[in-house]
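Read through the structure below, which is laid out as structure tokens, and then see the notes.
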Amino acid sequence: MGLVSVQENGNTEVGVNNKYRRMDSQTNDDDFGDDYDASQHHHQMERRRTTRKFVFACSVFASLNNVLLGYDVGVMSGAILFIQEDLNITEVQEELLVGILSVVSLLGSLGGGRTSDAIGRKWTMGLAAIVFQAGAAIMTLAPSFEVLMIGRILAGVGIGFGVMIAPVYIAEISPTIIRGSLTSFPEIFINLGILLGYVSNYTFSGLPAHTNWRIMLAVGILPSVFIAFALCIIPESPRWLVMQNRVDEARSVLLKTNENEAEVEERLAEIQLAAGLNNGEEKAVWRELLNPSPALCRMLITGFGIQCFQQITGIDATVYYSPEIFKSAGITDNTKLLAATVAVGVTKTAFILIAILLIDKVGRKPLLYVSTIGMTMCLFSLGAALSFFGQGSFGIALAILSVCGNVAFFSVGMGPVCWVVTSEIFPLRVRAQASALGAVGNRVCSGFVAMSFLSVSRAITVGGTFFIFSAFSALSVAFVYKFIPETKGKSLEEIELLFQDGYELQGSEVQLGDVEHLVQKE
């Protein structure tokens, strides 16, 4: 009853009064109707600009942790060359050092879901930065392989926290119309971090081997300073606040992040209903995830599956071991190897902008089709370049082109859209921990690929390994066709309907219902 009265008050003051006054002004030309309409339009446009700037800033700040992940991935590809020289580590230790971060980060992702439900999305980001910073400091000062591994494990836990929480937070504060673009920001910042890591490799490679890799790793601490500043600015997720029954605070955040004031109470009511506060549903999240309903089971298959396919198609192998790949193609000079990896980083970062511009216009699924098909062709051509064209100039050119093409197609779709879809599809009550499960699948597959790449490539050649990746990429096309729904233009609460009656209804009844819902709002 309290909710209804609040909603009525909200509509009377903000929506209905304005509506009647606009009608009145249109029928009484002698009054100040034109001036009032102009004033209202100016107010709405000004509010839209202010709201979008605020949400944009929150999304940028929330994505800063992802710079840490990207930087670590990028910088380790070059730093490992000098760590090998300085600490005399074996090939197995090299694989372990590179891959352990992905495996351990699953602990952070698992803990991150529960932590973010307990202390909030915002402060989970802060915790992620602190843990990563401690790990990076230990790695920078590490005198031995064992100490280096301790720092790497800590950094992995911090990255696990950060990777799963940023897309969830951004999806929960973003207006529906631009949610896809904003939820892609974490992937942009991962790419930016990778590029910065590559540039750091190239910049410090001329220093002595005992010093250069330590400086490369130390630079990764710097983004934490900006994260501390960001936490003083960004608000808590309104959906988390509703889960804590802090409805007034949630309303305040929605007023800052929603372009239309009249929709705030309606959106708040939707969130409360989704959170189960209105009907008193209290079901243990993990019990629900372990014994899911048919609809939730479909969501878990979609979320977990796309996260696994993102990694088993070999993107981390391409990024971590790009110097090894180019060495197999015939490039031998370390400086030229690192320069080639910078070109990969620039390509990967540049093409993410295409996804940002198109994801809310053409939709998630078309981008995934372009991405997975393009990756399949590039991975196959890379396998062919390394297997059949020796170490001549044509083989080198084809290898570089194929690697750049692979990361470009990844950035257009599979990279950002994977995180967008995972953050959108789950019901509010299980969103954080279900997203964490998806992130765990991502990190496990990433770790498996990173820790086995050198061994597998020694057994079946580097080219043969990329033929396997191309086969997995071809399977991902079929997975997108069968299991990924189109979520463009739907609120988080509406997306749940897509999974209620099975995937076959996505194109008809569900979308018709959404249209009716939007017409009623008008």
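Backbone N, Cα and C define each Cβ position, glycine as well.
TrEMBL labels come from automatic prediction, so no person has curated them.
Record features (TrEMBL):
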{"type": "REGION", "residues": "19-44", "note": "region 'Disordered'"}
{"type": "COMPBIAS", "residues": "27-37", "note": "compositional bias 'Acidic residues'"}
{"type": "TRANSMEM", "residues": "54-84", "note": "transmembrane segment"}
{"type": "DOMAIN", "residues": "58-488", "note": "domain 'Major facilitator superfamily (MFS) profile'"}
{"type": "TRANSMEM", "residues": "96-113", "note": "transmembrane segment"}
{"type": "TRANSMEM", "residues": "125-143", "note": "transmembrane segment"}
{"type": "TRANSMEM", "residues": "149-170", "note": "transmembrane segment"}
{"type": "TRANSMEM", "residues": "182-201", "note": "transmembrane segment"}
{"type": "TRANSMEM", "residues": "213-234", "note": "transmembrane segment"}
{"type": "TRANSMEM", "residues": "337-359", "note": "transmembrane segment"}
{"type": "TRANSMEM", "residues": "366-390", "note": "transmembrane segment"}
{"type": "TRANSMEM", "residues": "396-422", "note": "transmembrane segment"}
{"type": "TRANSMEM", "residues": "460-481", "note": "transmembrane segment"}
Inset, instruction - Could you tell me whether the transmembrane segment (182-201) and the transmembrane segment (213-234) have 3+ CB pairs under 8 A, leaving out pairs under 6 positions apart? - result: yes
Legend entry - Considering the transmembrane segment (337-359), which listed stretch of 96-113, 182-201, 396-422, 460-481 counts the most C-beta pairs under 8 Å: 396-422
Legend entry - Long-range environment of the transmembrane segment (125-143) - Cβ separation under 8 angstroms, sequence gap at least 6: 62, 64-65, 68, 108, 112, 115, 119, 150-162, 165-166, 169, 214, 217-218, 220-221, 223-224, 227-228, 230-231
Legend entry - Any contact, the transmembrane segment (149-170) to the transmembrane segment (366-390), with at least 3 Cβ pairs under 8 A: no
Legend entry - Overall pLDDT of the domain 'Major facilitator superfamily (MFS) profile' (58-488), taken as the mean: 84
